[in-house]
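Q: Pasting in a structure now, in C-alpha cells, and then I'll have a few things to ask.
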Number of protein chains: 4
Amino acid sequence: MSADAPNYDELLDLRRDLHRHPEPAWREFYTTARLVDTLETRPLDELYVGPEVLAADRRGVPDDAELDEWTHRAIEAGAREDVVARLAGGNTGLVAVLRRGPGPTVGLRVDIDGLPITEADGASHRPAAEGFRSENEGFMHACGHDAHATVGVGVLDAVAASDFEGTLKVFFQPSEETVAGGEPMAEGGHLDDVDYLLALHVGLDHPTGEVVAGVDGFLAVSHFRAEFSGASAHAGGHPERGRNAVQAMAAAIQNLYAIPRNHDGATRVNAGLVGGGTASNIVPEEAFIEGEVRGETTELMEYVDDHAQRTLRSAAEMHDCEVDVEYEGRAPGGESDDALASVVSAVADETRGVDSVLASDDLGGSEDATYLMQRVQERGGLAAYVCVGTDHPGGHHTPTFDVDEETVRIGVDVLSGAIRRIAAERP
Amino acid sequence: MSADAPNYDELLDLRRDLHRHPEPAWREFYTTARLVDTLETRPLDELYVGPEVLAADRRGVPDDAELDEWTHRAIEAGAREDVVARLAGGNTGLVAVLRRGPGPTVGLRVDIDGLPITEADGASHRPAAEGFRSENEGFMHACGHDAHATVGVGVLDAVAASDFEGTLKVFFQPSEETVAGGEPMAEGGHLDDVDYLLALHVGLDHPTGEVVAGVDGFLAVSHFRAEFSGASAHAGGHPERGRNAVQAMAAAIQNLYAIPRNHDGATRVNAGLVGGGTASNIVPEEAFIEGEVRGETTELMEYVDDHAQRTLRSAAEMHDCEVDVEYEGRAPGGESDDALASVVSAVADETRGVDSVLASDDLGGSEDATYLMQRVQERGGLAAYVCVGTDHPGGHHTPTFDVDEETVRIGVDVLSGAIRRIAAERP
Amino acid sequence: MSADAPNYDELLDLRRDLHRHPEPAWREFYTTARLVDTLETRPLDELYVGPEVLAADRRGVPDDAELDEWTHRAIEAGAREDVVARLAGGNTGLVAVLRRGPGPTVGLRVDIDGLPITEADGASHRPAAEGFRSENEGFMHACGHDAHATVGVGVLDAVAASDFEGTLKVFFQPSEETVAGGEPMAEGGHLDDVDYLLALHVGLDHPTGEVVAGVDGFLAVSHFRAEFSGASAHAGGHPERGRNAVQAMAAAIQNLYAIPRNHDGATRVNAGLVGGGTASNIVPEEAFIEGEVRGETTELMEYVDDHAQRTLRSAAEMHDCEVDVEYEGRAPGGESDDALASVVSAVADETRGVDSVLASDDLGGSEDATYLMQRVQERGGLAAYVCVGTDHPGGHHTPTFDVDEETVRIGVDVLSGAIRRIAAERP
Amino acid sequence: MSADAPNYDELLDLRRDLHRHPEPAWREFYTTARLVDTLETRPLDELYVGPEVLAADRRGVPDDAELDEWTHRAIEAGAREDVVARLAGGNTGLVAVLRRGPGPTVGLRVDIDGLPITEADGASHRPAAEGFRSENEGFMHACGHDAHATVGVGVLDAVAASDFEGTLKVFFQPSEETVAGGEPMAEGGHLDDVDYLLALHVGLDHPTGEVVAGVDGFLAVSHFRAEFSGASAHAGGHPERGRNAVQAMAAAIQNLYAIPRNHDGATRVNAGLVGGGTASNIVPEEAFIEGEVRGETTELMEYVDDHAQRTLRSAAEMHDCEVDVEYEGRAPGGESDDALASVVSAVADETRGVDSVLASDDLGGSEDATYLMQRVQERGGLAAYVCVGTDHPGGHHTPTFDVDEETVRIGVDVLSGAIRRIAAERP
C-alpha cells in the first residue's frame with residue numbers, strides 16, 4: 001500500500017456503515033461480512049473467519065430462530081451470502097494476518113458487537129442528523145465497537161505500509177458485551193504464537209486527545225441464567241398442589257445479595273433481570289434470574305460464584321423446585337504489563353493530537369479481552385489494554401453515545417506506531 | 001309461552017358468534033354491540049348500555065392505546081359503530097329490562113368476558129373442527145361466558161313468552177375474570193330495586209344434567225399490582241448508587257407468603273406474576289408483583305390485605321424504593337340464600353334433561369357476582385348462584401375447554417322456570 | 001375400701017402436696033414416688049412404674065446433669081429413694097390396675113407434669129395464701145395436672161369401693177406439656193387390651209359445674225429443635241471464612257412461615273424460640289430454632305412437617321452449614337367417640353354439682369392423649385376426652401392459674417360413675 | 001534517669017494483680033482503684049478519675065444491678081472504697097499528668113478493660129501455673145490490657161526520671177472492647193491540648209522483639225442492639241393475634257447482609273448475637289439483634305449504618321412490630337501520622353530487645369483509640385498507634401492468651417524513649 005495509507009475517508013465510511021448495522025452477540029453477520037469484503041481488498045497474508053477463529057464451546061448462543069432472523073436481516077442489508085454461510089450457527093468474527101518477515105508476532109484485539117439499546121433520534125445526535133443512525137431498530141453501537149473495528153482495519157493498513165518486520169494479527173472479536181466471545185477466541189488457536197497483545201477501547205470517560213497506555217482494574221465476571229421450575233396450581237383452590245418457582249426465586253435473590261464479603265478484595269453480585277409466573281391467581285410454575293458475580297480477581301469472582309451456585313440450588317430445593325443454571329459469559333480479571341504499556345505510552349507522547357498520556361487507570365468494570373491477555377501472558381508474552389479517549393456526548397451504553405471520529409485517526413496512529421516500535425524493541 | 005320461544009337455532013348461532021370473538025376485561029366491544037343488536041329485535045322495555053349500567057369508579061381499565069386497538073378490532077369484525085361509540089373508555093356491558101305488570105323484580109346476572117388463553121386448534125376441539133374457533137388469536141372463551149350471555153338472551157325470550165308477572169332485569173356483566181366488573185355494576189343503580197337475584201355459571205366440573213341450586217364457598221378476593229421503583233446503577237462499578245427494586249420485590253414476596261394464618265378460617269396469598277430489572281449488570285430500577293389475597297370471608301380477605309399492604313410498603317422502604325399499589329379487582333365472599341335456592345332446586349327437578357340436583361356445593365374460588373348478590377341481600381332481597389352442569393372436555397381456563405350446547409337449553413329452562421316461580425311464590 | 005371412699009381430705013392433701021412439687025417433663029420423680037406411696041396403701045392388683053409403662057423410644061429427654069439435679073431435688077423433698085431409683089433415665093410415670101372380675105377393660109388417662117412458669121406470690125393467689133405454693137421456684141402446676149393425678153387416685157378409690165365388674169387401668173402419664181409422654185406410654189403395652197379409654201382435663205375455660213363429654217378439634221402437632229452449625233470468623237477481618245449459622249436460621253424462619261396453605265384444612269407453623277451467635281463482631285457458628293408444625297389432621301401436620309424439614313435442610317445448605325433436627329414431641333389429631341361420650345354425658349347429667357353438660361367442644365390446641373386414644377381406637381375400642389370445668393382465676397399457663405378444688409370431687413364422681421356404667425352397658 | 005526507674009519487679013506485680021482481676025466495660029472499679037493507689041505513690045502533678053475524665057454521654061453502660069455487683073466485687077477484692085465511690089455509675093478510667101516545664105504536651109493512651117471469656121486452667125497456661133489466673137470467673141484479660149495499663153505506669157516512671165521537658169498525660173481508658181470508652185474519653189477535655197498522641201497495643205500476631213511504629217487500616221465500626229417487640233399469641237389457637245418479633249428479626253437479618261457493596265471501599269455487616277421467643281407454641285413477642293457495621297472509612301461505615309437502620313425499622317414495620325435500636329459502641333477509622341511514627345521507629349531501632357521494626361501494618365479490625373487520635377489530629381496534632389510485639393501462646397480473645405512479660409520492659413523503653421525524643425524534636 002502506498003504512503004498515503006490509511007485512507008481515512010474510506011475508514012470513516014466503513015465506521016458509519018458498521019454504525020448503521022449494529023448486531024448483538026453472536027449475530028454479527030453483516031459486520032463480519034462487511035469486514036471480510038473490506039479486508040479482501042488489502043494485501044493480507046491470511047484471513048480466518050468464524051469457526052476458523054473460535055473454539056467449539058461457546059456460551060450464550062441464541063436459538064436457531066433468532067440466528068435465522070439476523071442472518072436474513074444481514075443478507076437483506078447487503079451482506080455477501082457466501083461469507084454469511086461460513087458463519088452458520090452464529091460463528092461470527094474474524095482474524096486477519098499480515099506477515100512481514102522474521103520478527104515477533106504482535107496481536108491487536110478489537111471487538112465488533114452492538115447493544116440492545118434504541119438509538120437517539122434527535123437533531124443533536126450526529127448519527128441521526130447525518131444519516132447513519134442504526135437501521136436495526138432497538139439495537140445500537142452504544143459502546144464504540146464500530147470505531148474499534150474500523151481502527152483494526154486502519155492499523156492493518158498503516159502497518160502494511162510501514163517498515164514493520166514481524167507478524168501482525170488483528171482479532172475482530174464478537175460478543176464482548178455479553179463477555180461470551182473472549183474465551184472461545186482465546187482458545188481458537190490464533191493467539192498461541194502471539195508475543196505481544198494490545199487491546200483497544202475508546203472513550204471510557206477520557207476525552208479526545210487523552211490516551212491510557214495500560215488499563216488495569218478489571219473485575220473478573222461471570223454471567224448466569226438460572227431457570228427455576230416447579231408446578232402451577234390454582235392459588236385459591238389448591239395452593240398445596242403448587243411448587244412455587246417464584247418463592248424459590250425470591251429466596252435465592254435475598255440470599256445472593258447476602259453472600260459474605262471477602263477480606264481479599266472487592267466482590268459483587270447482582271440479580272439484574274428476573275421474572276416469573278403467569279397470573280395473579282396461579283401458583284407460579286416458572287421463574288428465572290439473569291445475574292452476575294464479580295471479583296477483584298478471578299479467585300474472588302469464583303468465591304462469589306461458588307456461593308451463588310449453592311444459593312440457587314438450595315433455594316430451588318427449599319421450595320421443591322428444580323433449577324437449571326447456565327453460564328452465559330465469563331471473563332477473568334487481568335492486568336496490563338508495564339513493560340508493554342511503556343512502549344505505548346512513549347509512542348502516544350509523540351503522536352499528533354495526543355495531549356495527555358496516563359500510564360494506567362482502573363476500568364472498574366469487566367471485559368473479556370482479559371481472556372486473550374491471559375492466554376498470551378500465560379505463555380510468556382506481554383499484553384496491554386489501551387484506551388484512546390474520545391469526546392462522547394452521552395455515556396457508554398446510553399442512547400446518545402457517539403464517538404469523535406478524530407479518535408479513529410489517533411487510535412490508528414498510536415496503535416500502529418506502538419506495534420512498529422514493539423517489533424523493533426521487543427520489550 | 002309460544003311454542004317457538006326461545007329459538008334455539010338462533011341462540012346457538014349467537015353463542016358461536018360470541019365464541020369467535022372473545023374479548024378480555026373492559027374490552028367487550030364486539031360482544032356488547034352484538035348483544036345490543038340481538039336484543040333490539042326483542043320486545044324489551046328498556047335497554048341500558050355501558051356508562052348507563054356502571055358506576056364511574058372502575059378498576060383495572062387498560063390504557064387508551066389498548067382500548068383503541070380493541071375498539072378497532074370490534075368494528076372490523078362488524079360491530080355497530082354507534083353502539084361501540086357509547087362504550088367509550090371501556091364502559092362495556094348492558095342491562096335489559098322486561099316489565100310485565102306489578103309483581104316483584106327478579107334479576108339474572110350473566111358475565112360476558114373472555115380470557116387471554118390461546119384456543120386449541122386440533123380436530124378434537126369442536127370449535128376448531130366446526131369453524132367457530134376464536135378469531136382473536138391469543139384470547140378465548142375458556143370459561144363459558146359465551147354460553148352465559150346466550151342463556152341470558154334465551155331467558156329473556158322464554159320469560160317474555162310466558163305468563164310472568166313482575167319485572168325481569170338481565171345483567172350482562174363485563175370483566176368478571178379480573179373480578180373488576182362486579183363492583184361498578186353492583187353500584188350502577190339497576191340492582192337497587194331487585195328483590196331476587198340469580199347468577200349463572202355453567203360447568204364447574206358438574207356434568208350435563210346436573211344442577212347446583214345454590215353455590216356457596218366463595219373466597220373473597222382482591223387483586224393488586226405493586227410497582228416498585230428505585231434507581232439503577234452499574235452493578236460492577238457503583239452498586240452503592242443503586243436503589244434495588246428487585247431486592248424490595250424479593251423481600252416482599254418472601255414475607256407475603258409468611259402472613260400469619262388465621263383462626264377464623266382459610267386465607268390465601270399469591271404473588272402470581274412478578275418481574276424486574278433489565279440486564280445482568282445493572283442494579284434493577286423497576287420491579288412489580290401482580291398478586292392476590294383471599295379469605296373465607298370478606299373480613300379474612302381484608303385481614304390478609306392489610307398485612308399485604310404493609311408488607312409491600314415496608315419492603316420498598318427497606319431498600320429505599322417507592323412502591324405504588326393498585327387494586328385491580330375485588331370481590332367479597334358470599335352465600336346463596338337457601339329459600340331462593342329451594343325454588344331453583346324444585347324447578348330443576350322438573351326440568352327435562354336434568355337428572356341430578358344438588359342443593360349446594362362449594363366453589364372454592366372467587367367470583368364477583370358476590371358484589372351483586374351482596375347488594376341485593378343488604379337491601380333485604382334474596383340471591384342464589386346457580387350452576388348448570390356441562391360436559392366440558394378440557395378444564396376451565398384451559399385451551400380445550402368447550403361447553404355441551406345442550407346446556408344452553410337446560411340453563412334457559414331452569415332459570416326461566418325459576419324466575420316465573422319466584423314471581424309467583426315470592427319466597 | 002369402705003363406702004365412705006374416696007376420702008376427700010386425703011385427696012386434697014395429695015393435690016396440694018403435688019402442687020408444692022411441680023416437675024417438668026421426664027423429671028416427675030417426686031410426683032411418681034408420691035403417687036406410688038399413696039397407691040401402695042390401696043387394694044390394687046398391679047402397679048407398674050417407669051420403664052414398665054413406657055416404650056424405650058422417648059423424645060426430649062434432658063441430659064444426665066439435668067436428670068441428676070431433679071433426682072436429687074426429689075429425694076431432698078422426701079421422695080422414696082427406692083422408687084426414684086426405678087425411674088432412672090427420666091422414666092417417670094406409672095400405671096395402676098384394679099381387676100374386678102370378667103368385664104371389659106376401662107382405662108383412664110391423667111397427666112402429671114408441671115410447667116416452667118414462676119408461680120404468683122400474692123395474697124390473692126390461694127396456693128400462696130394457704131401455703132402450698134410451688135417449692136420448685138420457676139416451675140408450677142399451671143395447667144391443673146396436680147388435680148388430674150389426684151382425680152386418678154380418687155377414681156381408683158371410688159371404683160374399688162363400687163360394684164364395678166371388669167378391669168380398671170389408670171395411666172399416670174408424664175411429659176404431656178412437651179407432647180413427649182403420650183407416644184411411649186401408648187406403645188408401652190398396657191393399653192393394648194383397653195376396650196374403653198377416658199382422658200381427663202380440668203378447666204379449659206369451662207366453669208365449675210360444666211362438663212364436656214367428648215372434646216374434639218385436636219390439632220395434630222410436632223415439636224422440633226433444629227441446630228444449625230457453621231464456622232465462626234472475625235466479622236471484620238475475615239467474613240469469608242465464616243459459615244454463618246444465623247443467616248441459615250433466618251432463611252429458614254422466613255421460609256417456614258411461607259409454607260403453602262392447604263385446601264384440606266387448617267395448618268400452622270411457628271418458630272417459637274430461636275437464637276444464635278456469641279458477639280457482635282463474630283460470624284455466628286451456631287444457631288437454633290425450636291418450633292412446631294400443626295394440622296387439622298395428622299396428614300395436614302405431616303404435610304407441613306415435610307415442607308419444614310426440607311426448608312430447614314435447604315437453609316442450612318444454602319449457607320454451607322449443617323443442621324440437625326430432633327423431634328421433641330408429637331401428637332396426632334383425634335376425635336372422641338360419640339357412643340362413649342354419650343355415656344359420660346348421661347352420668348354427668350345426674351352428678352351432684354354439675355349444672356351444664358356439653359356433648360362436645362373444640363379444643364383448638366394439641367394434646368398427646370390423642371396417641372392413647374388412637375391406640376385404643378385402632379384396635380376397635382372407644383375413647384373420649386372429658387373436660388370437667390373449674391373456675392380458674394388465671395388462664396392456663398399463667399402464674400395465677402389455680403383450680404377450684406370442688407372440681408376434684410366432681411371429676412371423681414363423673415369419671416367413676418361413667419366407668420361403672422361403661423362396664424355395665426358396654427357401649 | 002535514675003538507675004532504679006522504672007522498678008520492673010513492682011510493675012510485673014502490678015500486671016499480675018490486674019490480670020487476677022479482669023473487669024469488663026464500665027465495670028473497671030478494682031482496676032481503676034488499684035491504678036490510683038499505685039500512681040498516688042508517684043510524683044505526679046495531677047490525677048483525674050472517673051467523671052473527671054469522661055464526657056457525660058456514654059454508650060453501653062450496664063444497669064444498676066450489674067454495676068452494684070461489680071462495685072461490691074471490687075471492694076471485696078480490696079479496692080479502696082473512697083476511690084470506688086468516685087466511679088459511681090460506672091465512670092471508670094483515669095488520666096495521670098506529669099508537668100515538666102514549657103515543652104509540648106504528649107499523650108499516651110492505654111486501655112484497661114477485660115473480656116467475658118473464661119481463662120484456661122491448665123498447667124501450660126502460665127497465669128494458672130504461677131497463681132495469677134483470673135479470680136473473676138468467666139472474665140479474663142485475654143487481649144493484654146493488663147500489660148497496657150502496666151506499661152502506662154512504667155512510662156510515667158521512666159519519663160519522670162528523665163530529662164523530659166514538656167507535659168505527659170497518660171490516658172487509662174475503660175471499655176475499649178465494646179468500643180464504648182474511646183468517644184467519651186476523647187470528649188472529656190484532657191485531650192484538647194495534646195500535641196502528640198501515642199496509643200499502645202501489644203501482640204497482634206507480632207512476636208516479642210518486633211515493633212510496628214504506626215499501625216493503619218482501622219475499620220470504622222458501630223455496634224448496635226436492636227430490640228423488636230410485637231405481641232405473643234397461641235401459635236395453634238390464634239396465630240392472627242400475634243405480631244411476630246422473630247419474623248421481623250429474620251427479615252432484618254436477611255436484608256442486613258444484603259446491603260449493597262460500595263465502590264469506595266470495604267464494608268462489613270454482622271448480626272452476631274440474636275435471639276427471640278419463649279417456647280415452640282407461642283408466637284414470639286420479643287427478639288433482638290446485636291450487630292455491627294464497619295467500613296474502610298468512617299463514611300463507609302456510616303453508609304452501611306444508614307442502610308442498617310432503615311432495614312431494622314422496615315423489618316419491624318413489616319411485621320407490625322416496634323424496634324428500638326441502641327448504639328452500644330462506635331469508633332471512626334483512622335491513620336497513624338508518618339512523621340510521628342518515624343520518631344517511634346527510630347527509637348525502636350535503638351531499643352534493646354527490638355530486632356524488627358515495621359514502619360506500618362494493617363490492623364484489619366477496629367479500635368476506639370481512633371476517637372482519641374482523631375481528636376488530636378483535628379486540632380493539628382499528630383498521632384500514632386504503636387504495636388509492641390509479644391509472643392502470645394493463644395490468639396487474642398482466646399482462653400490461652402498471655403503476654404511475654406519482657407514486652408512490658410520493651411514497651412516502656414520504646415514509648416518513654418519516643419516521648420522524650422518527640423518533646424525534643426517536635427516532629
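Each Cβ is built from the backbone N, Cα and C atoms, and glycine gets one as well.
Just so you know, TrEMBL annotations are computer predictions that nobody has curated.
Pulled these features from TrEMBL for this protein:
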type	residues	note
BINDING	C:Cys143, C:His145, C:Glu177, C:His201	Mn(2+) 2 binding site
DOMAIN	C:224-315	domain 'Peptidase M20 dimerisation'
BINDING	C:His397	Mn(2+) 1 binding site
Q: Within 8 Å of the centroid of the Cβ atoms of C:Cys143, C:His145, C:Glu177, C:His201, which other residues of that chain place their own Cβ, given that this set defines the recorded Mn(2+) 2 site?
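A: Same chain, not in C:Cys143, C:His145, C:Glu177, C:His201, Cβ within 8 Å: C:Asp111, C:Asp113, C:Leu115, C:Gly144, C:His148, C:Glu176, C:His396.
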Q: May I have the DSSP-based helix, strand and coil counts for the residues of the domain 'Peptidase M20 dimerisation' (C:224-315)?
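A: Helix, strand, coil within the domain 'Peptidase M20 dimerisation' (C:224-315): 33 helix, 33 strand, 26 coil.
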Q: Roughly how many Å separate the Cα of C:His145 (Mn(2+) 2 binding site) from that of C:His397 (Mn(2+) 1 binding site), to the nearest whole number?
A: 11
Q: Reported as an integer number of Å, what is the Cα distance between C:Glu177 (Mn(2+) 2 binding site) and C:His397 (Mn(2+) 1 binding site)?
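A: Approximately 10 Å lies between the Cα of C:Glu177 (Mn(2+) 2 binding site) and that of C:His397 (Mn(2+) 1 binding site).
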Q: If I take the alpha carbons of C:Cys143 (Mn(2+) 2 binding site) and the residue listed as 'Mn(2+) 1 binding site', what is the distance between them in whole Å?
A: 6
Q: I need the CA-to-CA distance for C:His397 (Mn(2+) 1 binding site) versus C:His201 (Mn(2+) 2 binding site), whole Å please.
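A: C:His201 (Mn(2+) 2 binding site) has its Cα 14 Å from the Cα of C:His397 (Mn(2+) 1 binding site).
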Q: Output, ordered by sequence, the same-chain residues six or more apart from C:His201 (Mn(2+) 2 binding site) with a CB under 8 Å from its CB, or 'none'.
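A: For C:His201 (Mn(2+) 2 binding site), the qualifying residues are C:Gly144, C:His148, C:Val215, C:Glu367, C:Tyr385, C:Val386, C:Cys387, C:Val388.
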Q: Which is it, of C:Cys143, C:His145: the one of these binding-site residues whose Cβ has the most other Cβ atoms within 10 Å?
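A: Sorting the candidates by Cβ neighbours within 10 Å, the top entry is C:His145.
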Q: Including all protein chains shown, what's the count of other C-beta atoms within 10 A of the C-beta of C:His397 (Mn(2+) 1 binding site)?
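A: Taking every protein chain into account, the count is 16.
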Q: Using DSSP, would you call the residue listed as 'Mn(2+) 1 binding site' helix, strand or coil?
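A: Where the residue listed as 'Mn(2+) 1 binding site' sits, the three-state DSSP reduction gives coil.
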Q: Can you give me the average pLDDT across the domain 'Peptidase M20 dimerisation' (C:224-315), rounded to a whole number?
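A: Average per-residue pLDDT within the domain 'Peptidase M20 dimerisation' (C:224-315): 95.
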Q: What is the Cβ neighbour count of C:Glu177 (Mn(2+) 2 binding site) at a 10 Å cut-off, with all protein chains included?
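A: Excluding its own Cβ, the number within 10 Å is 22.
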